[in-house]
Structures are given as structure tokens and as C-alpha cells.
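Quick look at what Swiss-Prot annotates:
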type	residues	note
BINDING	SER56, THR57, ARG58, THR59, GLN83, ARG107, HIS134, PRO135, THR136, GLN137, CYS274, LEU275, ARG320	carbamoyl phosphate binding site
BINDING	ASN168, ASP232, SER236, MET237	L-ornithine binding site
Amino acid sequence: MSGFYHKHFLKLLDFTPAELNSLLQLAAKLKADKKSGKEEAKLTGKNIALIFEKDSTRTRCSFEVAAYDQGARVTYLGPSGSQIGHKESIKDTARVLGRMYDGIQYRGYGQEIVETLAEYAGVPVWNGLTNEFHPTQLLADLLTMQEHLPGKTFNEMTLVYAGDARNNMGNSMLEAAALTGLDLRLVAPKACWPEAALVTECRALAQQNGGDITLTEDVAKGVEGADFIYTDVWVSMGEAKEKWAERIALLRDYQVNSKMMQLTGNPEVKFLHCLPAFHDDQTTLGKKMAEEFGLHGGMEVTDEVFESAASIVFDQAENRMHTIKAVMVATLSKLNN
């Protein structure tokens, strides 16, 4: 793990393929050690600040449990719990927290915010999610894929992302494919494709590493032979209702359902989702979607697929914690470098 100590974790393309692989190996080891009761605390005495301008169940719990497992202490600063960007500049917040904490996690809005924190904090800063990138999620996804196809390398795997690919998940998936050599296929309407410049950059790197990146509107062509089909939510609670109708009309044909799974021609294909998922009407937003748009069987994924044996979404959710732990240990512990 040489070279990680005191580094930031802001986006995947900041690292080499070898460095990404070493993080995944460390995560697998930490997971095995925890399961076997052999985990050693390497962060005893460390203090960690968790800045959440956007709430999250999985990210917060993953960072807190990972920190506690490793002997660290955390301070949670929620959407109303800090003055970042309001009464105090990001630059000043970074310099204050950097004097008190050994590491800082940020989950919120623009990538420039986490970049500024990293520039001025003087301690490792980790991106828990920004509008542009979600690197900790992709670490968990890659570990989950390795676990479910242990006999294959990444450049022997085909990952399909169906739906809205112009978001942080689409961008981080491109970066992951660039570093691992995955065969990545973004199956989405053209209006939902990522920025062309990032696609071009990541495709060139993916091809150098034995993979490829394809963008297509053709569902049948895009999912053929897939090992994994991935999707994410189409709408967020904070968005205007007018956008809901527009987004649903645009993406309805890209819902992950039993037909799409069958179109892969792979009876062992697995389903991935970063969660939360609107697969039924048991949530406030899910109920609204069902009532207003007739999406009673699920939105971006049907309940049938979500609850099927092909679904490995809760393995992904667990692996958020193990991979986040690996990032913290690699960047904060001299014992691991």
C-alpha cells in the first residue's frame, strides 16, 4: 500500500490501476479479518470529521462503523450542523477542521468543494459523494463484482449501466472502467449520456487496459452477454414534479425488469443498485410515483428483479463499509504503508 499515506481520495482517475487494485485487495482483507474476528485496529486515537451537506444512510453508517472498528472517533456534521460555505468559507473551514481532525469526509454538492477542502485542510480528505463523482460507491461495486465472479479479471467482465448515465454514478463508472479494463456499456437515451470529453478520455484508458466503453440507446444490443446490470434512481425528492414526468417519459424503456435480464442471454447475470431503490410503493416517493405515473411494480427496477436471486444489492451495501475502511486505513495508517 505504499504511496497512499496522507493522500486524498477525491476521484478514481487520481489513481493508477495498480493503486486501485491494491485498495480492493486491502478491502477484501479487512472484510475477511472482520468476519473471522482477527481485525486489528490501526486508527486508534485518530479523529475523523464527517461533513454531510446531503444526508445518507449507507455512507454515514459505513464511515462510522469502519472508523469504530479501527479505533477512530468521529464527529458528524449534518446539513444543519456546520457553517461550511454559509457563515464560513470552504477554505477557512478546511483550515479549522484540519487542525482538529486527522481526516475529513465530505458528501455534498460540487466537486470543487471537496477539492478546496483537500487543498487547504492539510489532512486526507475523502469524497463521499459530489454532484460529479461517487468514487467510494464504485470501490464497493468493484469488490462486489470480484466476489461474484472470482474466476474472472475485470477485463473479462461486462457491466451494463441502464438509465440516466449523466450523473455522478455514470462519471465514476467511466473512471472505474478506464482503470480496470471493464467492458462497460452505458445503455441510455442520448439525452442521458455523460459529457463526451470524459467518455473519450476514459474509453482510451479502458482500451489500453484491455476493456472498452460503449454508449447505446439500443437496450437489446447493449445488454447482450452482460455479467452485471446496474441502475440508479431516476428522480430525487428535491426535484420539481415537472422534472419527474419528463425523466420518467425519457427513461421508462430503460427500466431493469425480467425482460431486460433475459435479453442478456446470461442465466447468471446479476443485478446491482447503489440504493436507495424505488422498486415498490413502500416509500413516500415510491408511493407518489405509483399514484401519479402508474409505476406500481417499481420505477428504475421492478420489485421482481430487486427481490430475485440475481439481486446482489445488499452485498454492495455491506461492501461500502469495507471499502471505505480500506480508504481510511490506507490514507491514515503508517502501519499499513
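Cβ from N, Cα, C; glycine included.
Note that the coordinates shown come from a computational prediction; the quantities given were computed from them, not determined experimentally.
Everything Swiss-Prot records as a feature, shown here on the structure.
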residue : record                           : contacts (Cβ under 8 Å, 6+ apart)
SER56   : carbamoyl phosphate binding site : ARG107, GLY128, LEU129
ARG58   : carbamoyl phosphate binding site : LEU275, ALA317, ARG320
HIS134  : carbamoyl phosphate binding site : ASN127, ASN168, MET169, ASN171, SER172, CYS274
THR136  : carbamoyl phosphate binding site : PHE9, THR59, SER62, TRP126, ASN127, GLY128, LEU129, ARG320, THR323, ILE324, VAL327
ASP232  : L-ornithine binding site         : GLY163, ASP164, ASN167, MET169, HIS273, CYS274, GLU300
SER236  : L-ornithine binding site         : none
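Cβ neighbour counts within 10 Å, taken over all protein chains shown, single out ARG320 as the most crowded of the binding-site residues ASN168, CYS274, ARG320. In the three-state DSSP scheme, HIS134 (carbamoyl phosphate binding site) falls into the coil class.
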